[in-house]
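Engineer: As listed in Swiss-Prot for this protein:
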SIGNAL    1-21  signal peptide
TOPO_DOM  22-732  topological domain 'Virion surface'
DISULFID  51-528  disulfide bond
DISULFID  68-484  disulfide bond
REGION    108-114  region 'Involved in fusion and/or binding to host membrane'
DISULFID  141-206  disulfide bond
REGION    192-200  region 'Involved in fusion and/or binding to host membrane'
DISULFID  295-342  disulfide bond
REGION    398-453  region 'Disordered'
COMPBIAS  404-415  compositional bias 'Pro residues'
COMPBIAS  416-425  compositional bias 'Low complexity'
DISULFID  551-588  disulfide bond
REGION    561-620  region 'Oligomerization'
REGION    678-730  region 'Hydrophobic membrane proximal region'
REGION    709-729  region 'Hydrophobic membrane proximal region'
TRANSMEM  733-753  transmembrane segment
TOPO_DOM  754-857  topological domain 'Intravirion'
REGION    832-857  region 'Disordered'
COMPBIAS  845-857  compositional bias 'Low complexity'
């Protein structure tokens, strides 16, 4: 609400307060003398209200200088041939070859019941150039790999054998366009000969993979069919400005490089320029091409019949075949950019073929092919044509005109021609008029057909199109002109009606109840004050109290304002407006009848007394509204156009996820038989033994249960001991102590081993440390006169020592007595004679045994 309107409302409320202050509050009328209208309970735009006329409302005036503009078409039309090109979303595809050597180390466990693969490690290595030459020509490689890591050189040989030359053979695969050649298709997984041992087996496989790679513009990277990514442009040759984000020393180009197909081994193919990239785990190579090998545009459709409509700011290329319109944001054609020169040959060839097919009906004159770019990102190749019938009319007009210039080759104006030029406008009008011609134009030379009798479909389409647009535009122009004139007349009528009843006119304009008053040549509009709708009642009598001849011309109304308990009286106006005065009176007339509308009801007063209430629908409505009946444009079923097919959208992604996952699953299935879990393999074998032992114990009954409990107890004891030892070893102090003890035991064992070795090698020196010195003195004659004894005496002494040692052992055994086990065995022998030793009564046998016993001693 504006400041002026707020001031108007304040003045209005002040005036109402003065008026109400001057009035004396009335006592509520008895219910028998009043009637409550249903409009108090209805939602309406015109509730009961008090509208006070104020000279401080918003001021308005009616315009008297309305001008109706003229409406006319400003479009030019031209026929021609149209070719539409779209962005090429299909990536640039090219063949690549991958070289790699796969080293697979498998750890095999030789179990009791089954062998299992406990570990599998695979490494991939790139192939040097000297070996790629051999692989590309004769499909052979070396079955060994030499690598250096952290200063340590390692050599892996297939089957843990020797380095030899092996052949590559084709292998299977699932991905389309992928072909592999491998030297070793079977993994070396033979276990060792010793049971419960582990052996490591090595497999070296030379692998060549022929596949496709894809790269999208701007060619910052490309992806192979198997999912390998390379961060460089496939057109990079080491010298140009193409993208390259790989290691500088990993790329090189070889000229006149020869690569032989597997089926054509032994031939000498033509050399080519080939790029090589070392990725560390594999080597890639591909044939180098220039960027011109890829065209960024792709031909979509060619339309033989197209109408170019120039609207002033843009050109609409409308086709009848595709029911579509291509809109350009410029009216001037462009030259074909250098980046799109790849389509120039195709455009010239197609346009020439299309024009040859319709040259009997059309002529192109001196017009050339023009290119446009649409707002949707399409490139249009446009060749304007002129119907020969229209060209004939133009020639006849020029021949019959005395001041005409010498005839020239007929050609329609290009869409980029000046729209205001008179010859262009005349030519377009003649072309439209030619579509309405019903008689053929005479030929310009004998024996030549003008082609007007053929009635070509393109002329009919253009004529129908031009006629339809002309009729629609004329109809819309007439409607707009009539609408403007009607608004102008209505403005004049409303201006005159405000001189009679400004409140009604302004309320109809605002769409709600307002108070209006003319102040000279302007109108003051103010708001109305709503009353409490529930307190509004109508007096049944319209006679003036205390007078027999005077009556009210409008019924009396009792009401209260919102937030006010006082009851006031006024008179009911039109559209539920309440007047605060009772001055609308008249001389009472005999047999009078009045109808007053309040909401959706009409109150009927007969002889100035409320007679009845009827519905609003009971009174017929005077229809002053005239509806506009127009014929609508017929429906046009648009053809469904597919700019990019599903196959093109599918091929637009450089990552062929389906092929990558299929290839991965195929490779995973090849090693599924080898990938056995150690725990499962070993536990399965152990479970068989444990299950068999359990069945054996169950068959023994209580004895088996006792044995099982005993074994479980012993096993639990050992388990507790081992667990305690492990816990003690995990403790820092315990671990250090155990390590120190182990080191001490190792040192002690080494010392004892050395001493035992010396004892066995030099026993005399160990028993008599000074024997060497004594021998030296005896040899030099410096020592005392001691001479060694003879060998016979030495043997006698040794024999005496041996017998003495044996006698001491027997004496110790007799002194120790028999053991408990010996006594128990002897008691059993005495109780059971069968267990006694058999006594030999044979003298010869006894003598032989005694001889053996004496020999032992």
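Cβ coordinates come from backbone N, Cα and C, glycine included.
Worth saying up front: this structure is predicted, and the values here are computed from it rather than measured.
Walk me through the surroundings of each of these features.
Structural biologist: Mean pLDDT, taken over the topological domain 'Virion surface' (22-732), works out to 75 on the 0 to 100 scale.
Under the DSSP three-state reduction, residue 528 (disulfide bond) is assigned to coil, being neither helix nor strand.
In the three-state DSSP classification, residue 484 (disulfide bond) falls within a helix.
When secondary structure is read from DSSP and collapsed to three states, residue 206 (disulfide bond) falls in the strand class. Residue environment of residue 206 (disulfide bond) contains 26 other Cβ atoms, counted within 10 Å of its Cβ in all protein chains.
When Cβ-Cβ distances below 8 Å are used as the criterion, the region 'Involved in fusion and/or binding to host membrane' (192-200) is approached by residues 105-112, 118 of the same chain, each at least six residues removed from its ends.
Long-range Cβ proximity for residue 295 (disulfide bond), meaning a same-chain Cβ under 8 A and a gap of 6 or more residues, is found for 88, 342, 343.
Cβ neighbours of residue 588 (disulfide bond) (same chain, under 8 Å, six or more residues apart in sequence): 543, 548, 549, 550, 551, 608.
Residue counts for the region 'Hydrophobic membrane proximal region' (709-729) under DSSP (helix as H, G, I; strand as E, B; rest coil) come to 21 helix, 0 strand, 0 coil.
Outside the transmembrane segment (733-753) by six or more residues, the chain places nothing with a CB less than 8 A from a CB of the stretch.
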Engineer: Mind checking which residues of the chain, 6+ beyond the ends of the region 'Hydrophobic membrane proximal region' (709-729), have their Cβ under 8 Å from one of its Cβ atoms?
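Structural biologist: Contacts of the region 'Hydrophobic membrane proximal region' (709-729) (Cβ under 8 Å, skipping residues fewer than 6 from its ends): 735, 738.
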Engineer: Identify which of the disulfide-bonded residues 51, 141, 342, 484, 528 has its Cβ surrounded by the largest number of other Cβ atoms within 10 Å, counting every protein chain shown.
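Structural biologist: Comparing the disulfide-bonded residues 51, 141, 342, 484, 528, the most crowded Cβ belongs to 141.
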Engineer: Going by DSSP, is residue 51 (disulfide bond) sitting in a helix, a strand, or coil?
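Structural biologist: Coil, per DSSP.
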Engineer: Where the distance is taken from Cα to Cα, which of the disulfide-bonded residues 141, 206, 484 turns out closest to residue 51 (disulfide bond)?
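Structural biologist: Spatially nearest to residue 51 (disulfide bond) by Cα position is 484.
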Engineer: For residue 551 (disulfide bond), list the number of other Cβ atoms lying within 10 Å of its Cβ atom.
Structural biologist: 21
Engineer: So how many of the residues in the region 'Oligomerization' (561-620) end up helix, strand or coil by DSSP?
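Structural biologist: So the region 'Oligomerization' (561-620) is made up of 6 helix, 32 strand, 22 coil.
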Engineer: Of the residues in the region 'Involved in fusion and/or binding to host membrane' (108-114), how many are helix, strand and coil by DSSP?
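Structural biologist: The composition, in the requested order, is 0 helix, 3 strand, 4 coil.
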